[in-house]
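The feature domain 'PLAT' is assigned by TrEMBL to 1-84. According to TrEMBL, the Ca(2+) binding site annotation covers Asp45, Asp46. Residues annotated as site 'Essential for stabilizing binding to COTL1' in TrEMBL: Trp69. Taken from TrEMBL, the feature domain 'Lipoxygenase' applies to 84-640. Feature annotation from TrEMBL assigns Fe cation binding site to His334, His339, His517, Ile640.
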Amino acid sequence: MERPGVGLQFCWQMAEVDSYDVTVDEELGEIQLVKIEKRKYWLHDDWYLKYITLKTPHGDYIEFPCYRWITGDGEVVLRDGCAKLARDDQIHILKQHRRKELETRQKQYRWMEWNPGFPLSIDAKCHKDLPRDIQFDSEKGVDFVLNYSKAMENLFINRFMHMFQSSWNDFADFEKIFVKISNTISERVMNHWQEDPMFGYQFLNGCNPVLIQRCTELPKKLPVTTEMVECSLERQLSLEQEVQQGNIFVVDFELLDGIDANKTDPCTLQFLAAPICLLYKNLANKIVPIAIQLNQIPGDENPIFLPSDAKYDWLLAKIWVRSSDFHVHQTITHLLRTHLVSEVFGIAMYRQLPAVHPIFKLLVAHVRFTIAINTKAREQLICECGLFDKANATGGGGHVQMVQRAMKDLTYASLCFPEAIKARGMESKEDIPYYFYRDDGLLVWEAVRTFTAEVVDIYYESDQVVAEDPELQDFVKDVYVYGMRGRKASGFPKSLKSREQLSEYLTVVIFTASAQHAAVNFGQYDWCSWIPNAPPTMRAPPPTAKGVVTIEQIVDSLPDRGRSCWHLGAVWALSQFQENELFLGMYPEEHFIEKPVKEAMARFRKNLEAIVSLIAERNKNKKLPYYYLSPDRIPNSVAI
């Protein structure tokens, strides 16, 4: 017969997973906290404690989730798994534990300004300086230099990687570094990149589907007339009438105007442009370009290029737009608006929400490895003399200027997916039927919003409880003050007053880290591996006159062999999922133990599965399937 006492089961992980049972003979009464101590016996003996299960004398089981590393001569003190707001803790020892945990975390997770005007980031010079709990399991797996070099080796292009200043001979020559994978998007891009419908399609469903907007008034800085574009207009209407009917769209790269081009290699001049591109929805509902001006100020040396111009004039103008789109995509859409923003949410969460808080339990899976990947990027990729400088025209400091400029457009509303779509006038499925990024994004946004609303309702019985949760308010304030640098114009809330506001805020955090990042990251090899479709640099300035462009001129403007290889290695490496990737809806770490939340998670997964089926059905027999926002391809967090 079992003696009255307490039984504890530990689940540890080092190189392998172990479980231990410990029996305590004496009666301990009601257990509030469990403390685990570890003594250091050899050099690398860090232990990862998943959870402790406690069996009471009455046969009940109590879960104490941990999911943390215990290092050196360390200890952790754990609460049971029931999520609690600060107001729920009435016992002094629990209040004290809550306070001490945050005091410790705030010393570990310090804000730092990496560059003036940037969102603040973690105070760590390199990956090994980070708190152990947020480091990658293996730093080697996220070594950018190693991964890019390995990618070039896998793609059989490493023989070209040091051939800087060596031009390709013609477009076909680029095939020497292009890995043909049959029936893939990348192969289709290679075969059709010069065609206008393919060019226009990428603004809807390529890597950077966030810039195109409906044109409500022709830009004064683009003095285009009906006569110039009448051969492209199919409805027997003037250009102004087409604008009024909602058939004209614009993509403006004004952000790039005046950005310094990369000067890190004195042997290679590199150039940037700041194009404005006018697009038209034709009778087949396809979006096609009808006018391109390569810089912002109109003039004789800044002509408006048209589809009716000489073949190579028009092609080079489109290449310049594609190159500009690549720069904005990499630095703003991808780096700033997913990586850096998600890091802000992650740091604020660790600083202001204790592990017992329901919002910590909800969000921790969605900041997994984000601070670590960004720290590695600052260490190797976007730092001075980093890998970014090797192949990109915005390297050498231009990318820093771009982020500083783009901060003014980083608003809370622009991270709310439905609002962002509406702000660009792109919400009508009837008018713009092939905008799959919008269609799938709205489905995923709604699934996440429904889930967060259910979780909020479980723990916050009224708006007042939200407004009076001091830890939650400190979390939101940290994001506003440090992440958004206290900019009123950002529209980021300083506090939350209602359950609805909280649900939306949590949806922004989760959607940005998961769906938005997936949409703009994992298609990079598909759309950018064919170098002429997404040149990371241009080695000659934009043309200042028509009728002079030759095929030789275009090839000499495109990246040399060395830069092409580094670019290809980068987009390949960035497009791969992590080993043991966790996708949206997967919560293997059981931070929540309550049945209502587990039921909400099950409903969330069911909703996501329905979206997967819907997207798979839509993609059937499509030559260009759109799958980046299929939930089974959306990682939980920004980790690559």
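The backbone N, Cα and C atoms fix where each Cβ goes, glycine too.
TrEMBL: automatically predicted annotations, no manual curation.
On the structure: features taken from TrEMBL.
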residue : record                                            : contacts (Cβ under 8 Å, 6+ apart)
Trp69   : site 'Essential for stabilizing binding to COTL1' : Asp46, Trp47, Tyr48, Leu49, Arg132, Asp133
His334  : Fe cation binding site                            : His517, Val520, Asn521
His339  : Fe cation binding site                            : Thr370, Ile373, Asn374, Ala377, His517, Val638
Whole-number Å value for how far Asp45 (Ca(2+) binding site) lies from Ile640 (Fe cation binding site) (Cα to Cα): 27
Count of other CB atoms lying within 10 Å of the CB belonging to Ile640 (Fe cation binding site): 19
Additional residues around Fe cation, ordered along the sequence, whose Cβ is within 8 Å of the centroid of His334, His339, His517, Ile640: Leu335, Thr338, Ser342, Ile373, Val520, Asn521, Leu574, Val638
Neighbouring C-beta atoms (10 Å sphere around the C-beta of His517 (Fe cation binding site)): 26
Asp46 (Ca(2+) binding site), number of other Cβ atoms within 10 Å: 14
